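A.B. asks: Following this message is one structure expressed as structure tokens.
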Amino acid sequence: MNIVVEFFVVTFKVLWAFVLAAARWLVRPKEKSVAGQVCLITGAGSGLGRLFALEFARRRALLVLWDINTQSNEETAGMVRHIYRDLEAADAAALQAGNGEEEILPHCNLQVFTYTCDVGKRENVYLTAERVRKEVGEVSVLVNNAGVVSGHHLLECPDELIERTMMVNCHAHFWTTKAFLPTMLEINHGHIVTVASSLGLFSTAGVEDYCASKFGVVGFHESLSHELKAAEKDGIKTTLVCPYLVDTGMFRGCRIRKEIEPFLPPLKPDYCVKQAMKAILTDQPMICTPRLMYIVTFMKSILPFEAVVCMYRFLGADKCMYPFIAQRKQATNNNEAKNGI
């Protein structure tokens with residue numbers, strides 16, 4: 001194609017992409033079904049991972065739950081089984097009422113499988129993934145959610161904690177994706193969800209390791225998405241989830257300026273996950289919660305650095321992590337004193 005003609009074609013496609021994006025904001029697309037599909041969630045034992053598991057269970061997905069904590073993972077599985085029992089009871093009642101067997105059969109055999117896995121260890125990921133393939137089947141939806149935070153200033157953070165943060169928050173996404181993507185490519189079907197953070201789009205002081213890991217995983221996700229497009233594997237969808245501070249206890253004590261906080265409070269975990277689920281089930285490539293984060297990211301990209309610093313100071317975002325770090329340090333000192341260290 002002549003380069004001039006191609007230029008106009010590309011220009012039209014870019015403008016059309018804006019039109020489609022605007023349409024998505026005004027009229028939300030119909031949500032796809034994940035009923036009967038194998039959905040694997042890392043970090044499913046608590047926080048957002050547990051809530052993702054419950055949401056996928058309500059949509060009748062077959063769940064595979066990974067967590068390093070066996071007990072909390074089993075607790076999540078118990079909640080999922082309770083949802084499954086309610087769904088099966090509703091199906092049985094509908095069948096008895098004569099609403100049509102064809103609506104019931106596709107949703108039978110709802111199951112949840114639990115695996116204790118440290119996603120920060122490559123071999124553990126690959127071995128557990130092989131067990132999943134043998135015992136459950138191939139994964140259709142992969143939700144990379146597991147995450148950790150050290151809670152130390154850079155010069156006070158032990159090297160092993162920095163490495164741990166990078167392994168769990170970033171490297172694990174490489175390993176889980178390498179484990180399950182090949183089959184998705186073969187059948188041109190699947191969905192990879194990356195739960196990152198707004199701190200993967202812009203940073204703040206005191207959490208260098210966490211920000212680096214989240215920036216890294218955002219880059220991984222974007223490159224993977226481009227690779228799938230280049231390979232014309234349009235049946236494999238990707239969704240990047242970048243929430244603002246979520247009130248899960250992970251960053252307990254983190255505070256912005258008190259006058260601003262009523263307008264930008266920590267997100268409720270339920271709200272965060274429900275918004276993410278809407279994005280996943282409509283194949284939305286990326287979601288920032290709240291939407292203000294889109295504006296913050298855009299302004300950070302165009303403003304001079306000193307202007308960004310001024311904004312951070314006004315919002316109290318420049319040192320928002322310091323109370324959280326102080327609490328972590330105090331808790332560590334208390335544990336050491338309690339254990340006689």
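Glycine residues also receive a Cβ, built from the backbone N, Cα and C atoms like all the rest.
Marked as active site, proton acceptor by Swiss-Prot: Y210. For 40-64, the entry in Swiss-Prot reads NADP(+) binding site. The substrate binding site annotation in Swiss-Prot covers S197 and rests on similarity to another entry. Under the heading transmembrane segment, Swiss-Prot lists 3-23.
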A.B. asks: Could you round the CA separation between A44 (NADP(+) binding site) and Y210 (active site, proton acceptor) to a whole angstrom and send it over?
C.D. replies: 20
A.B. asks: Taking only the binding-site residues L40, L48, R60, which one has a CA atom nearest to the CA atom of S197 (substrate binding site)?
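C.D. replies: Among L40, L48, R60, L48.
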A.B. asks: Using DSSP reduced to three states, classify L48 (NADP(+) binding site) as helix, strand or coil.
C.D. replies: helix
A.B. asks: Using the alpha carbons only, what distance in Å do you get between F56 (NADP(+) binding site) and Y210 (active site, proton acceptor) once rounded?
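C.D. replies: It is 27 Å, counting Cα to Cα.
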A.B. asks: If one measures from the C-alpha of L40 (NADP(+) binding site) to the C-alpha of the residue listed as 'active site, proton acceptor', what distance in angstrom results, rounded to a whole number?
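C.D. replies: So the Cα of the residue listed as 'active site, proton acceptor' lies 24 Å away from that of L40 (NADP(+) binding site).
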A.B. asks: From the Cα of Y210 (active site, proton acceptor) across to the Cα of V64 (NADP(+) binding site), what is the distance in angstrom?
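C.D. replies: Answer for this pair: 26 Å between alpha carbons.
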A.B. asks: For Y210 (active site, proton acceptor), write down the residues of its own chain that are at least 6 apart in sequence and whose Cβ falls under 8 Å from its Cβ; none is a fine answer.
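C.D. replies: For Y210 (active site, proton acceptor), the qualifying residues are V149, S150, T165, N169, S197, L199.
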A.B. asks: Per DSSP, to which secondary structure element type does F56 (NADP(+) binding site) belong, with helix, strand and coil as the options?
C.D. replies: helix
A.B. asks: Give me the count of other Cβ atoms within 10 A of the Cβ belonging to A44 (NADP(+) binding site).
C.D. replies: 32
